[in-house]
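These features come from TrEMBL:
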TRANSMEM  16-34  transmembrane segment
TRANSMEM  40-57  transmembrane segment
TRANSMEM  64-84  transmembrane segment
TRANSMEM  96-114  transmembrane segment
TRANSMEM  126-143  transmembrane segment
TRANSMEM  189-206  transmembrane segment
TRANSMEM  213-236  transmembrane segment
TRANSMEM  256-273  transmembrane segment
Amino acid sequence: MKSSPINLSQLVKTHSFWLLTLATSLSCIYFTLIWKAEDLAHLGMSLLFWLAVITLLREKWPSLNLNSDLLSTILGTVLIVIFYLKSLTVPTQTDYFLRIAPFLGAIGLSLVASSLKGIVQYWRELMILFFLGVPAAILTPIFDPSETTAKFTHFLLWYTGFDVTRDGVYVLMPSGAVKVYSGCSGLEAMNYLLGLSIICLLLYPTGKRFHKIITPVIAIIIGFVINSLRVALMLLLVNSGQTKAFYYWHEGEGSLIFGLIEVMVFGCFYLFLMRQDAQPSGELKP
């Protein structure tokens, strides 16, 4: 087997080279912004979502139509310039730009690469990046499930025999109370698991329509329930005077552990669905 040297002068003249360079640049800027914003939870989920996108692109790369037109190139360039200009300032964790940036950059890059007509080639990748943060950016200003989370947390503790009361978004016990504000409402967890369910359905599709329908619903329920359990745990810690443990589960590594638990529970659920699909019709498993 004889290998030939790479001709860099020819490589840099190719359309695909500059597309890959641009995509790498956008990705590096995005992950740098998340790191500087110290949003470790979103950083971890973003890595997972980007890995799914890269996996899909690798499968279809040889067959992609990389021909654009002037109008599409201009529109895509405008979106990419907006991305770059916005990234000049370090956003906070609550900045909606961190949620919509991947989708914004991907739309711009797709237009530059393949035009408005060819953007349909990337519908799966765009859908994944859409669910990475766009639903949360849309819902957060208009929908706050904090009181619903407080009600469910109160129900869990009351049902298990604890002396607990509720006043709006406050859940109270004899020696302590917690306020369920928007950041602890579980909306972000539900959004992440919803996106994860989309990734699973696109990468490992289930053959049954019913499974496709219930998977996103179950993902949202898992995110809500496990987050409510986290709130209940924090209330019990406050009630027992364990302040350090409270901050660990509220702001420290403990909050990330609950995110991992949510992903694992959903993963087990989806694995169960896939096994059901693989099981021949009418066969009973012991």
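Positions of Cβ are set from backbone N, Cα and C atoms, glycine also.
Between the transmembrane segment (96-114) and the transmembrane segment (16-34) there are at least 3 Cβ pairs closer than 8 Å, counting only pairs 6 or more residues apart in sequence, which means the two stretches are in contact. Scored by C-beta pairs under 8 angstroms, the transmembrane segment (256-273) has its highest count with 213-236, from the stretches 16-34, 40-57, 64-84, 213-236.
Recorded stretches compared: 16-34, 40-57, 64-84, 189-206, 213-236; the one with the most Cβ pairs under 8 Å to the transmembrane segment (126-143) is 189-206. Across the candidate stretches 16-34, 40-57, 64-84, the maximum count of CB pairs under 8 A to the transmembrane segment (189-206) is reached by 40-57.
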